[in-house]
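Accompanying notes for the structure given below.
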Amino acid sequence: MRIGIVNGPNLGRLGQRQPEVYGHLTLAALEEHLRSAFPEVTFLFFQSNHEGEIIDRLESWHNEGVRHLVINPGALTHQSYVLRDCLLGLEFRAIEVHLSNIYQRESFRAHSLVAPAVQGQISGLGEFGYHLAVRYLLEKA
Ligand code: DQA
């Protein structure tokens, strides 16, 4: 199975960015851990700080037949009708993941515009959330 893993704005700086919130793990290490935990999966990794680039990548993966997605949209979660419409319009089995618990933080983070367009959401479990999302896609989707 091919699974796209998308990380949105500012997640390229994991490990350096607010480590008290997001931990010390880098995005490269997170990706490597997924590769070694799930050798049977072909991962497509993409991180971008640009909303339109994420939309373009989701469309091209979809055109190539990719149908499984784990997405941490970063702050686009709370502001992007564009990403929500994109996910509503494409036939992905998608899981929304957040490293931090978005319900324990500032009130603006407690609302996800993306949640209605995905199958489920995992929030607050750090790196483990990505692993659980992949397991779900492998076993249930
Ligand atoms: C985040 C939570 C968002 O509110 C924030 O803007 C991020 C990261 C998380 O993984 O906890 O960039 O998606």
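Heads up, the Cβ atoms here are built off N, Cα and C, so glycines get one too.
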N72, H78, D85, L99, S100 bind substrate per TrEMBL; candidate in R57, R109 listed for that same site: R109
H98 (active site, proton donor): nearby recorded positions from R17, N72, H78, D85, Cα cut-off 10 Å: N72
For N72 (substrate binding site), nearby residues of its own chain (Cβ under 8 Å, 6 or more apart in sequence): V6, N7, G8, L11, E96, V97, H98, L99, Y130
Three-state secondary structure, which DSSP defines for L99 (substrate binding site): coil
Contacting recorded positions, sequence order - R17, D85, L99 vs ligand 1, Cβ under 6 Å: L99
